[in-house]
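Input: a single structure, listed below in structure tokens.
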Amino acid sequence: MSKARVYADVNVLRPKEYWDYEALTVQWGEQDDYEVVRKVGRGKYSEVFEGINVNNNEKCIIKILKPVKKKKIKREIKILQNLCGGPNIVKLLDIVRDQHSKTPSLIFEYVNNTDFKVLYPTLTDYDIRYYIYELLKALDYCHSQGIMHRDVKPHNVMIDHELRKLRLIDWGLAEFYHPGKEYNVRVASRYFKGPELLVDLQDYDYSLDMWSLGCMFAGMIFRKEPFFYGHDNHDQLVKIAKVLGTDGLNVYLNKYRIELDPQLEALVGRHSRKPWLKFMNADNQHLVSPEAIDFLDKLLRYDHQERLTALEAMTHPYFQQVRAAENSRTRA
């Protein structure tokens, strides 16, 4: 059995009410308090709008959920309620539903986001350090509260660059961590799926989020989005193996006694490890430093137990400047 290196017993030690989302009784607010202004996005499970609270004229985000199991909606609500007020976690303000269709909507705080495809290419070396550090605060917080996000990717990280404000959003795939529990491997978005998901290791943990963060970070520093560009789940593992090498993959599979299905094994083939510096070029060299490479190398590990935890990541030399700036601000 594989078990998280940190925060493994959070839900064991908390009362059942904390993690038993199926028992949640939803307190519905008043739908007429909110009006849709414009559509800002759509996902597999929802449509997202900029809205307005007509009582105080404040902007908000309205996430109208597509028909999905009641249990899944309750899970998302319970997790958002448990995490509310945590650093850089999007705030759930209200839950409403349509009187006739019974379609539920989640009302969130408004964040003025710049699309990452536009924003990321403009970010400086320091900006990347700053925003990854802000994202780590959100991840360490949710992990410390016994919750894995399971869908970390640029689309789910809202950045208001003018205010230098970051929010981790879309908790629809998030789940409570219970040691030894076997989870669905059909989570996360393909380019950000950890090796554990791609080889069907089900007793994964918070460290899945650290792989996804590593993919996101690699994309940012090497200006290569997405960093691992697989065409399907099998090809995704192939793309990872072509960078990390197949020797490490085999060590990982043997350690956890995992057998790849023969078709996937044939596809993966044999590859040597590609040094990180091979991804450096004239366009990205100003973002690639020895500390950045060292940090990346400690995230993108096949073995989920070897990856840095979010808290360990925050102490990495890569963030030294960010920590120093934060300390001088708190002292000021």
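Backbone N, Cα and C atoms are what each Cβ position is placed from, and that goes for glycine too.
The annotation domain 'Protein kinase' is assigned in Swiss-Prot to 34-319. Summarising the annotation, Swiss-Prot assigns ATP binding site to V40, G41, R42, G43, K44, Y45, S46, E47, V48, K63. The active site, proton acceptor annotation in Swiss-Prot covers D151.
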- Inter-residue Cα distance where the pair is D151 (active site, proton acceptor) and V48 (ATP binding site), in Å: 17
- Query: Widest Cα span across the ATP binders V40, G41, R42, G43, K44, Y45, S46, E47, V48, K63, in Å?
  - Reply: 14
- Message: Between C-alpha atoms, which of these binding-site residues comes nearest to D151 (active site, proton acceptor): V40, R42, K44, S46?
- Response: K44
- Item | In the chain carrying K44 (ATP binding site), residues 6 or more apart in sequence that have Cβ under 8 angstroms from it | K66
- Query: Can you list the residues of the same chain, besides V40, G41, R42, G43, K44, Y45, S46, E47, V48, K63, whose Cβ falls within 8 Å of the ATP site's Cβ centroid?
  - Reply: I64
- Look up D151 (active site, proton acceptor) in the DSSP assignment and reduce it to helix, strand or coil. coil
- Among V40, V48, the one of these binding-site residues whose Cβ has the fewest neighbouring Cβ atoms within 10 Å: V40
- Task: Can you check how the pLDDT averages out over the domain 'Protein kinase' (34-319)?
- Result: 98
- What residues, ordered by sequence, lie under 8 A Cβ-to-Cβ from S46 (ATP binding site) and sit at least six positions away in the same chain? K63, I64, L65, K66, G172
- Query: What three-state class does DSSP give V40 (ATP binding site)?
  - Reply: strand
- Query: Tell me, how many other CB atoms lie within 10 A of the CB of R42 (ATP binding site), whichever protein chain they belong to?
  - Reply: 12
